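Lifted from TrEMBL, the feature list:
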{"type": "DOMAIN", "residues": "120-170", "note": "domain 'Inner membrane component'"}
{"type": "TRANSMEM", "residues": "123-154", "note": "transmembrane segment"}
{"type": "TRANSMEM", "residues": "200-220", "note": "transmembrane segment"}
{"type": "TRANSMEM", "residues": "270-289", "note": "transmembrane segment"}
{"type": "TRANSMEM", "residues": "301-318", "note": "transmembrane segment"}
{"type": "DOMAIN", "residues": "303-421", "note": "domain 'Sodium/calcium exchanger membrane region'"}
{"type": "TRANSMEM", "residues": "330-350", "note": "transmembrane segment"}
{"type": "TRANSMEM", "residues": "370-393", "note": "transmembrane segment"}
{"type": "TRANSMEM", "residues": "405-425", "note": "transmembrane segment"}
{"type": "TRANSMEM", "residues": "454-474", "note": "transmembrane segment"}
{"type": "TRANSMEM", "residues": "503-522", "note": "transmembrane segment"}
{"type": "DOMAIN", "residues": "503-645", "note": "domain 'Sodium/calcium exchanger membrane region'"}
{"type": "TRANSMEM", "residues": "567-590", "note": "transmembrane segment"}
{"type": "TRANSMEM", "residues": "596-621", "note": "transmembrane segment"}
{"type": "TRANSMEM", "residues": "628-648", "note": "transmembrane segment"}
Amino acid sequence: HDGAHQPGSCCDGVCVAHVHSEASDAHSCLLQTSSSCTPKHPQRSETPYTLCERNPRKTTISAENEVEAQKLANNYKFGFRKWKSHVTERPFEDRSSIVKELYSELNVIKPYSVGSLFTCGNVLYVFLFGWWIALVYVLVGLLMFLTVFGVPYAKLCWKLSCYFLWPFGKSIEKVVFLFISKCNFLCTYIWLLVGYPLLAVTHSVLCLISWMLVFTIPVAKMSTKTLHTILLIPPEHVHISQTQEHESRVILCCYHAVNLYYYKYTVDGINVFAVNLLLLVIVSLVIGYVDKSNEFVSSEVKFATAVSSIIPLSYYIGMGIASISAQSNFAVGAVVNATFGSITELTFYITALVRGHHQGNKCLQEIVKAALTGTLLGCILFIPGICMIIGGLRHSEQRFNSRSAGVSSSLLFISVGGVFAPTLFSKAYGNLVCEDCTNSTGTNSTRKRNIKPLVYTISILLPVSYIIGLIFTLKTHSHIYDIHVGDGTGHLGASVHWSRWRALLILIVATVLMSACADLTTEHIQPILSHSSISQYFIGVTVLAMVPEIPEIVNGVQFALQNTISLSFEVGSCIAVQVCMIQIPILVLFNIFYDVGFVLIFSDLHLWASIFSVIVVNYIFMDGKSDYFQGTALVVVYLILLALYYFAPSPSGC
């Protein structure tokens, strides 16, 4: 060794791995062992996670507060939803300069060169916004000039038109004079009645567009400050300067219209993309329930918006679960994760089964089975695979605790075997679904009597196995993970983004909205199934299965980038186990009390694809190491299975 600990290297029996994330704090989370092991050349990042292990089972978590440490510890617990984002507010002064720039008020003067302002983003601003905003100011200025009394505001509009055409490097200052203002009350009234409303509409449109584009949020900030402050100041007090000599008088100063780091921007702890996608939820509900006859919007568009609306709602549910779990004890966290952790998928499945039962459409039942299988395949193959590829490209080779991964693998074997046991039973003893298929010996009626008790027995054993897995990993054999909060964790009062009651309220609201979106999805999926040349199996295993899991995929990728690939694996394994051990038994239980014709027998393609996937992923996990080649192998296997579904004929009768 050259004296510096490299990521994933071992020195004197001590394995060191660094995980860097620009999205978290400079001291937000430190993973280390009780033994002292510190890299000689630590790298500065927003969150240096350090894992120092003389014994790979001994891991101590330190964070800036107990709530955040509890959330991090929950990430390592079986049955708990893995969550990357912070659930508490982080001290602003400890953030990196990049993140501080995102939250700046655009009133700070910075040194710059003229050439540094001619960026692609600034030029793009001129073509997207600058020219028409400047044109609107010119027209409003002309209108104010024609009123005679509004001449001072007309001059202001013409000055601002030049500013908004190219605002970069210029500053708008508030200058207070001792003489009496030239603009009387009549002038102000005319401005507020004629000029200001037109500019208010213009800046509102500009603010909405630039905010929705995310990376142009500086333009939205600039527009908001202009509307709320600059346009309400007497015109003679507004001064536009390029010298920027009086920093104390600066109201607005912008240097760049585009900042690619705005994907990290949060509002009350919620990522800006999740905030913006709430508009999609509103649009989906409006067009879905107002335009019942599809006069203005087609069923295809309604289906696409309803399915896409599930993405932000899944994010809010995940944030609510993580917030409650981090502020509660183990029992409450386990209950919340077991109930709300599967609410996204269950809402769609139950809605589809009920609608299919009322319409006498068995195709929706096959779509539900395809979505269940697609979720399994995606969580077993795609999520670990894509995380291994992205993490491997950044960290070359990543290591994980093969024993803890073995626990998840064993539960996967149990769960997949249990779910497909009735299908194997039906293959061994013939068709057990058809009630009218009787023969002279009456053997089919005997088989029919056997299939339901088998399904009910499995539906009891699977949740019991889940509970045993919780007890094994979190109580009796917790040393497999041995994650505990260390003494280095701060004990200052944590300022959480969402309190427990607020998180619970958001969970309930998000669940109700999810039910509405699921209802619209199942209502408008039939035209797509009827007129599409694509196999209905393929639609189920891709769109309906993986869209709700997009937030989980993002979490897994972020964990992989931080060199905590084990959490990336647990993201997929946790979902797959919950599908088999919680969601499917609940569907069977629901069918007992409200018979929708759901039979726990899958097609041959679902059966062998799932079993093959579990075997492949267990083989990959055996050595406790991962790289981008292994990840590529998993993704390729996933794509091969998708190709099988794409070219497979649709289910019989659909």
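Just so you know, glycine gets a Cβ as well, placed from its N, Cα and C.
Secondary structure counts, DSSP: the domain 'Sodium/calcium exchanger membrane region' (303-421) has 104 helix, 2 strand, 13 coil. Helix, strand and coil residue tallies for the domain 'Inner membrane component' (120-170), in that order: 42 helix, 1 strand, 8 coil [DSSP].
Only sequence-distant pairs (6 or more apart) were considered; of these, at least three Cβ pairs between the transmembrane segment (503-522) and the transmembrane segment (330-350) are under 8 A, so the stretches are in contact. For the transmembrane segment (270-289), the list of distant contacts is 85, 211-212, 214, 217, 262-264, 296-297, 301-302, 305-306, 308-309, 311-313, 315-316, 319, 497, 513, 516-517, 520, 523-524: same-chain residues at least six beyond its ends, Cβ to Cβ under 8 Å. Counting Cβ pairs under 8 Å to the transmembrane segment (567-590), the stretch among 200-220, 301-318, 454-474 with the most such contacts is 454-474. Long-range neighbours of the transmembrane segment (123-154) within the same chain, counting only residues 6 or more positions beyond its ends whose Cβ lies under 8 Å from a Cβ of the stretch, are 160-162, 164-167, 182-184, 186-187, 190-191, 194-195, 198-199, 202, 206, 209-210, 216, 219, 234-236, 257-258. Contact count against the transmembrane segment (628-648) (Cβ pairs under 8 Å) is highest for 370-393, out of 301-318, 370-393, 596-621. Packing against the transmembrane segment (596-621) from elsewhere in the chain are residues 353-354, 356-357, 362, 365-366, 368-370, 373, 376-377, 380-381, 384, 402, 405-406, 409, 412-413, 416, 419-420, 422-424, 426-427, 432-433, 451, 455, 458-459, 537, 569, 584, 587-588, 590, 630, 633-634, 637-638, 641, 644-645, 648, 651: each is 6 or more residues past its ends and has a CB under 8 Å from a CB in it.
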